[in-house]
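Pasting a structure below so you can have a look.
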Amino acid sequence: MQDSLWGNHSSLMEFILLGFSRNKEINGILFSVFLCLYLITLLGNGLIISLIRMDSRLHTPMYFFLSVLSVMDMGYVTTTVPQMLVHLVCKKKTISYTGCVAQMYIFLMLGITESWLFAIMAYDRYVAICHPLRYKVIMSPLLCGSMVTFCGFWGISCALIYTVSAMTLPYCGPNEINHFFCEVPAVLKLACADTSLSDQVDFILGFIPLSVPLSLIIIVCINSFAAILRIRSAQGRLKAFSTCASHITVATMFSIPCMVMYMRPGSESSPEEDKKLALFYNVISAFLNPIIYSLRNKDVKRAFLKVTGWGKAAE
């Protein structure tokens, strides 16, 4: 029964993740770098979540979505980085077949959900800029919760189709994945069957969860920029423009590498390029998000000073 569902993998119960290098010195350096990035990512996103929960002035739709994004980023990197760190310092670099399926599904679910979340965050900024007086009425708690649920639905359903499409193929050997985690394009190269159908599924599903949200973000931001130009206050224009520019930067930094990875034919991909792309939209993106969204955000700075007590000391 199991073989008929997942394909004939009875002789292949685990995979070997080759990672980045077989050189111990290089792996030691990479371990230190990625460990620092991972800890800073957890600290930065965890700090944002804590500040938003503790400061009532941050209980707005914008910061609600930002806290959800931080939770997603923490889960996103935790799906791949801890295992990658272990494989950098240990000789055994295996992952079970079940573990590979689980990692693939969770990674896709979080990534697709985050892609749609970026589009919803862009709409939130559009309403704040174009309809400031009606902002709280339009972006009600019910609508915000429904939007996040919508993102989760897309992530859960699309990731399931992706994973089933990839893992129903037979995997009878070899079992070495030239990647640092079980990502669909890398795993498909080991299939003992024609992967053209899976490639088509990847392209179609890559178009919907990645291209459509990015297109919506661009359309919304163009309308937002048009509204920004009508703002009389120079300071107001600068603040609104800075918010939109930050969001476009984060969204494109995440979406473009994902589109390159999942929408190009498998025959045109390079394992080394794939690893770099995956690092960018998995590790680097989650690392930079708290910095891009919060570094110039006066509300977050004020909340941090209030919680730590440094603001009173400065006064």
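Cβ coordinates come from backbone N, Cα and C, glycine included.
Feature table excerpt (TrEMBL):
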TRANSMEM  29-52  transmembrane segment
DOMAIN    44-293  domain 'G-protein coupled receptors family 1 profile'
TRANSMEM  64-85  transmembrane segment
TRANSMEM  105-123  transmembrane segment
TRANSMEM  135-162  transmembrane segment
TRANSMEM  203-228  transmembrane segment
TRANSMEM  240-263  transmembrane segment
TRANSMEM  278-295  transmembrane segment
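Each of the listed features needs to be described in terms of its position in the shown structure.
Counting same-chain residues at least six beyond the ends of the transmembrane segment (64-85), those with a Cβ under 8 angstroms from any Cβ of the stretch are 17, 19, 31, 34-35, 37-38, 41-42, 45-46, 48-49, 52-53, 95, 103, 106-107, 110-111, 113-114, 117, 120-121, 124, 144, 148, 180-181, 282-283, 285-287, 289-290, 293.
With a threshold of 8 Å between CB atoms, the same-chain residues lying at least 6 positions outside the transmembrane segment (240-263) that come near it are 111, 114-115, 118-119, 121-122, 125, 129, 183-185, 202-203, 205-207, 210-211, 213-214, 217-218, 221, 224-225, 227-228, 231, 269, 274, 277-278, 280-281, 284-285, 288-289, 292-293, 296.
Beyond the transmembrane segment (278-295), the same-chain residues lying 6 or more positions past its ends with a Cβ under 8 Å from any Cβ of the stretch are 34, 37-38, 40-41, 44-45, 47-48, 66, 69-70, 73-74, 76-77, 80-81, 107, 111, 179-181, 183, 246, 249-250, 253-255, 257-258, 261, 301.
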Count the CB pairs under 8 A between the transmembrane segment (203-228) and each of 29-52, 105-123, 135-162, then give me the winner.
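The stretch with the most contacts is 105-123.
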